[in-house]
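Chemist: Handing you this structure, nothing more for now.
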């Protein structure tokens with residue numbers, strides 16, 4: 001009897017996608033604040049449209065931060081250097097509307113900086129999920145890994161000059177054929193590869209397809225997953241000259257599935273970018289990813305989902321949940337007990353154990369581009 005299989009798809013976006021541009025600006029602001037003041041409380045949002053970028057939100061910090069410079073530097077480093085590519089970093093309008101963190105939140109979460117780390121409460125209510133699978137060395141889903149790496153490859157060959165016709169904006173999508181091995185996911189082959197990338201006016205559609213196959217797809221997707229039936233959609237809409245904020249509006253926090261597991265596992269709905277570690281949308285998601293990855297890496301399960309939940313101002317989590325999808329070597333309740341013994345889910349202690357108060361050198365900015373806790 002033939003093995004029953006199914007298709008699953010994950011997508012990613014390039015650093016020049018308008019939403020991802022906003023994520024990176026918000027995290028560049030966070031980096032700058034934490035670099036000078038590790039106790040900074042940051043909730044920074046960004047939006048963008050043609051010839052305009054706005055940063056807004058609540059920030060309480062001792063850092064001296066030039067928000068406009070951060071915006072322009074980030075846009076320039078991505079490659080937005082003229083209106084022709086979607087945004088001119090040096091001449092676009094930059095709007096800043098930053099206020100202090102609410103005093104009500106400040107006293108409830110960290111007692112206006114008087115609480116010990118173990119007593120710091122969650123910055124808000126919410127539930128976060130961590131996921132891990134043994135199908136790749138990164139303990140990430142293959143569909144998500146390949147989509148993410150294709151996007152990174154597009155950026156690399158654009159910036160190193162291999163494909164000079166490329167521009168910053170773009171999206172990738174990978175469909176993988178899997179079979180379910182008693183709860184574990186086993187990838188068989190890549191069914192479809194989709195790339196839509198911004199380009200200049202000089203390149204032809206045939207040249208785009210040839211370059212993408214040779215310089216982007218071939219180095220990223222292992223040959224064993226490609227066959228004569230693999231489908232390639234390379235700029236299927238035709239031309240894609242107008243991209244970046246000129247093509248679409250962008251907003252922080254609209255690519256949360258791309259930032260996590262590509263549609264696998266689950267998601268609590270909270271975004272990461274522009275948030276300091278007291279915001280459990282970020283730190284809580286990071287620690288449950290570490291827990292799930294540890295479970296799989298240590299052979300307790302082949303696939304695992306971990307959930308944690310919080311109440312605003314309360315240090316201890318309300319709940320911790322483990323689901324091994326039936327792949328556990330021991331019962332899930334025993335895995336849960338091990339997780340609770342091994343991991344401290346209090347927000348202040350997460351910041352210490354994962355070193356989340358250290359900014360600078362593009363640390364959180366890099367998180368905006370690729371999931372760096374792989």
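Keep in mind that glycine also has a Cβ here, set from the backbone N, Cα and C atoms.
I grabbed these lines from Swiss-Prot:
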- 11: Mg(2+) binding site (BINDING)
- 17, 169, 170, 171, 237, 238, 239, 240, 248, 254, 255, 271, 275, 279: ATP binding site (BINDING)
- 45: K(+) binding site (BINDING)
- 58, 101, 248, 279: L-methionine binding site (BINDING)
Chemist: If you measure residue 237 (ATP binding site) to the residue listed as 'K(+) binding site' at Cα, how many Å is it?
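Modeler: If we compare the Cα positions of residue 237 (ATP binding site) and the residue listed as 'K(+) binding site', the gap is 31 Å.
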Chemist: For residue 275 (ATP binding site), find which of the binding-site residues 11, 45, 101 come within 10 Å, Cα to Cα.
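Modeler: Taking 11, 45, 101 one by one, the ones whose Cα falls within 10 Å of residue 275 (ATP binding site) are 45.
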Chemist: Select one residue from 45, 58, 248: among these binding-site residues, choose the one with the most other Cβ atoms within 10 Å of its Cβ.
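Modeler: Neighbour-count leader: 45.
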Chemist: Of all the binding-site residues given, namely 58, 101, 279, which is spatially nearest to residue 255 (ATP binding site) at the Cα level?
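Modeler: The smallest Cα gap between residue 255 (ATP binding site) and any of the binding-site residues is with 279.
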Chemist: What residue among the binding-site residues 17, 279 has the most other CB atoms lying within 10 A of its CB?
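Modeler: Max Cβ neighbours within 10 Å, all protein chains included: 17.
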Chemist: Within 10 Å of residue 58 (L-methionine binding site) (Cα-Cα), which of the binding-site residues 45, 170, 239, 248?
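Modeler: Qualifying among 45, 170, 239, 248: 45.
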Chemist: Taking the Cβ of residue 11 (Mg(2+) binding site) as reference, which residues of that chain separated by at least 6 in sequence fall under 8 Å from it?
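Modeler: When sequence neighbours closer than 6 are ignored, residue 11 (Mg(2+) binding site) has 147, 171, 172, 173, 174, 257, 258, 262 within Cβ distance under 8 Å.
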Chemist: Using a 10 Å cut-off on Cβ-Cβ distances across all protein chains shown, tell me which of the binding-site residues (239, 255, 275) has the largest neighbour count.
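Modeler: When each Cβ's neighbours within 10 Å are tallied, 275 leads.
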Chemist: Cα-Cα, whole number of Å: residue 239 (ATP binding site) versus residue 101 (L-methionine binding site)?
Modeler: 45
Chemist: List only the single closest residue to residue 17 (ATP binding site), chosen from the binding-site residues 45, 101, 279 by CA-CA distance.
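Modeler: Looking at Cα distances from residue 17 (ATP binding site), the smallest one goes to 45.
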Chemist: When the Cα of residue 170 (ATP binding site) is compared with the Cα of each of the binding-site residues 45, 101, 279, which one is closest?
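Modeler: Comparing Cα positions, the candidate nearest residue 170 (ATP binding site) turns out to be 45.
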Chemist: Under a three-state reduction of DSSP output, how is residue 237 (ATP binding site) classified: helix, strand, or coil?
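Modeler: Assignment for residue 237 (ATP binding site) reads coil.
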Chemist: Hey, how far is residue 248 (ATP binding site) from residue 45 (K(+) binding site), Cα to Cα, in Å?
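Modeler: Here the two Cα atoms lie 17 Å apart.
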Chemist: Distance check, please: Cα of the residue listed as 'K(+) binding site' against Cα of residue 101 (L-methionine binding site), rounded to an integer number of angstrom.
Modeler: 13
